[in-house]
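Trainee: I have a structure here, written as structure tokens, and I will follow up with some questions on it.
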Ligand code: SRM
Ligand SMILES: Cc1cc2nc3c(=O)[nH]c(=O)nc-3n(C[C@H](O)[C@H](O)[C@H](O)COP(=O)(O)OP(=O)(O)OC[C@H]3O[C@@H](n4cnc5c(N)ncnc54)[C@H](O)[C@@H]3O)c2cc1C
Ligand code: SF4
Ligand code: FES
């Protein structure tokens, strides 16, 4: 039977609100088979499909609304489910059982309210326009962005969790940010006095102004900035825009108007089953008041959504009643860890507190313990959330604290007995977003899951706010090892070996081809996109044959295959090597000429060189032959290999320089260029301790001293920055190179696939001392071998592009189509700021009628 | 595609030469253009079918790049990983392992003498 026609006979279920909780309810309904029982209509006031409001601020850091969406659009396109966006429900007619919208009236049999909440704006004269911005929806953020254009200062009213997040957002779009809070401390709900003070200090250090105990009385025109906020006693603060984040109120307007019972402080009153005073209507999420309280977090809302979805589908055993929720939170605000667990204010009678205050680093921890000392009631953390998981487990699971409870919050190293994951009871909730207990994780493992990804897919643990990821991983790995299941470190389904083991086979057995390694040590005949590039990299590290050799080509990711980085529209970028960032005027002109000829978008990179974007596959060989003729070599911007050696100008020009940092950078870049490794490697050389080349943020950092060079290792920027560590001091040129040879080759031999030096270093048992022993004191008797291996790679270096250009067979690969010449006619560009860039979707229609694409 | 109707009427597939065997790259992909259609051809000499033809457009990025992806085998299925966002498509029916709503077109393909032929059925295989 066609489900679309059948669903007309089904009762109608209407969900009002397509926010996080409304969406979760739909997902749960679908999973419970509701589409066979109801025709479902969803009305959402916002123009977008449900998105991840918790990560709203990422919208300012480059995420677009689609990246924040909670689901693929396809979810709502299923037969029997209709989503009306941009369609507020205006009224509920409970007698006729209809909702009234701008699109007309729709009858329901069951109704779920998930209208969330709205920001509260205190009544202040003059709070309007750009002095009355909000921070709740994507539209609000667009509004803030528009208001901030060309402005200098922004103020957030409200120093709670969301206010601080809004302040961070203002800062991230380049405004000087201030927070004005009515209470005498920040985050008054979650933190106590000392916690608030520590947080204030940290936040001020970041350059955000904090003004406490200030009530804004009126907003008038300013003299230096657009607005002036007037406080008591003639105090004031001037600003260009004002964002209100002074608390939220449940969105209960519909319920109020149709006479549903409300909670004492607002919100649609619901019982344990999330039923309102009308048995046909449920309310869930932030609009619902259970026991007269509303819950401003997503996890309790999800709990309600699950319960209601199960009830509506008649799944009695799954419809666990809602009995309140844990409001513990852990966040990173402006880069500062803040955590609040349970009874943070020691409100329970007889509760005792332990406090740890570190004024030097503005860290604060408070532990609240029951009168009998046998239970942890709550905690406050500022500055270091590494204590959060353990304390939360103590509090939630009633685990008895140690005899001296203070040891739980003492700095690590003070011998605090960290709570092993085996101490957790089965009932312990690991993931509160999806309500997954340790028991459920164990069951998933017993049911055949053998890694975190499988457990995640099976239980959904970790797929909400992500806050439980670390704990989940610990539990999974612990439970696997308890069951005698080796934690699976296999590369992929074709190799039951680690990268390190494969490296060993390749180098000891002299294997030079993937097929040979697969036949001897793997499974199947084809491999996959995990093992092929990993083995390709190992083969290159060991033997350094040109990666365009026919046997090696099928192993490479597209970037290595075509020796260029693929961009979002299928074109490539071209990066010639510019060792140390030193380039002659003729070199610059040559690059400029090529860029101009091929109309390539040109940009100076963060690595002191020049990137040319927008080349089509068939253009790459011509572009490279011109660059090579002008004396350039490939920059390996596409490879897991040496990227750049950044340099400062050093003693040649700089009044402070003590060594020739440019010459050393050139020497190092020319030595290690072309070295393939588990991940990319970056170097920098600074001419003195002022460190203009930022060497301490590199895999290999070199800083000149009066007597030679200090070597720093295993730093990086990127997703998780890590400072490099001082490894050896006052090295001569020769010993510097020898040390780097050994260290890099040891890394290449022993690291995991796609592991940067920083992560590798952190995973080394024995830490830095061990590494020093191996590299500097040759404790494994390996040094000579490592140096020889590096020398072989260095000796075999050739520019891959020069090599490929000499071989017509290899060049055949650079054809967009093998049956016709030219490029892909569907690649379209527009011009912006004097250069070409890929056309966006919405620009394509207009282009099709006007411009012919140069093929 | 108009050709699909003619195909459905009879069982005989209309085979059409698209390039030479020497244009193929073993264990990797190349692309041919037929009319407005871009077709990625993968050559796996060790398998029974040897040549596979699927749509070149990556549904996720809307870029024409599938032919430049990496071939592999996952749980016994031959797959191509998109070079941009790395999702996997089965060569057999174009279905995507990670996102069922994404799908590549699939054409019957074969090697005849030294010529690559595909059957010009511009339709998805029924799942
Ligand atoms: C072009 C450039 C940005 C720019 O316009 O300045 C750039 C562009 C890309 N970066 Fe980067 N990164 C560039 C400097 C950096 C830097 C700064 C630096 O090197 O001083 C960093 C942080 C420093 C570091 O790596 O420690 C950086 C951290 C990353 C990361 C995160 C790495 C990490 O370990 O967390 C990635 C992702 C990855 O490699 O997996 C990445 C990946 C990329 C990729 C390759 C993404 C991709 O796969 O398409 C970008 C493509 C470049 C292209 O097509 O040519 N890029 N990238 C810079 C090229 C430098 C160069 O000349 O080679
Ligand atoms: C910046 C920010 C950061 C946050 N960080 C966290 C965090 O770290 N952890 C955490 O747990 N929580 C966090 N929250 C709170 C979390 O986002 C909410 O708890 C969650 O979104 C509540 O879901 P909801 O569906 O009840 O409400 P919402 O997500 O607000 O959705 C309600 C939807 O209903 C719509 N609606 C309202 N009235 C109508 C009507 N009459 N007709 C049709 N549609 C209507 C609204 O437009 C809205 O789209 C944060 C919130 C913000 C704003
Ligand atoms: S690091 Fe030292 S030598 Fe190099 S530019 Fe800066 S101040 Fe000059
Ligand atoms: S607690 Fe949010 S994803 Fe697990």
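Every residue, even glycine, has its Cβ placed from backbone N, Cα and C.
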Trainee: From A:808-831, A:832-855, which range did TrEMBL mark with region 'Disordered'?
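Mentor: My reading of TrEMBL: the region 'Disordered' range is A:832-855.
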Trainee: Are the domain 'Nitrite/Sulfite reductase ferredoxin-like' (A:567-629) and the domain 'BFD-like [2Fe-2S]-binding' (A:430-477) close enough to be called in contact, which here means at least 3 C-beta pairs under 8 A that are separated by 6 or more residues?
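Mentor: When sequence-distant Cβ pairs are counted, the domain 'BFD-like [2Fe-2S]-binding' (A:430-477) does not touch the domain 'Nitrite/Sulfite reductase ferredoxin-like' (A:567-629), since fewer than 3 lie under 8 Å.
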Trainee: When DSSP states are grouped into helix, strand and coil, how many residues of the domain 'NADH-rubredoxin oxidoreductase C-terminal' (A:328-396) land in each?
Mentor: 12 helix, 33 strand, 24 coil
Trainee: Which sequence-distant residues neighbour the compositional bias 'Basic and acidic residues' (A:832-843)? Criterion: at least 6 residues beyond either end, Cβ under 8 Å.
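Mentor: Sequence-distant neighbours of the compositional bias 'Basic and acidic residues' (A:832-843): 567-569, 571, 599-602, 614.
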Trainee: Under 8 Å for C-beta pairs, could you tell me which stretch among A:328-396, A:430-477, A:639-760 has the largest tally with the domain 'FAD/NAD(P)-binding' (A:13-294)?
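Mentor: By Cβ pairs under 8 Å, A:328-396 leads among A:328-396, A:430-477, A:639-760.
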Trainee: If one looks at the chain holding residue A:692 (siroheme binding site), which residues at least 6 apart in sequence have a CB under 8 angstroms from its CB?
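Mentor: Looking at Cβ-Cβ distances below 8 Å from residue A:692 (siroheme binding site), excluding near sequence neighbours, one finds A:648, A:649, A:686.
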Trainee: Note the mean pLDDT of the domain 'Nitrite/sulphite reductase 4Fe-4S' (A:639-760), expressed as a whole number.
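Mentor: Taking every residue of the domain 'Nitrite/sulphite reductase 4Fe-4S' (A:639-760) together, the mean pLDDT is 94.
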Trainee: Reported in the order helix, strand, coil, what are the DSSP residue counts of the domain 'BFD-like [2Fe-2S]-binding' (A:430-477)?
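Mentor: The counts are 26 helix, 4 strand, 18 coil.
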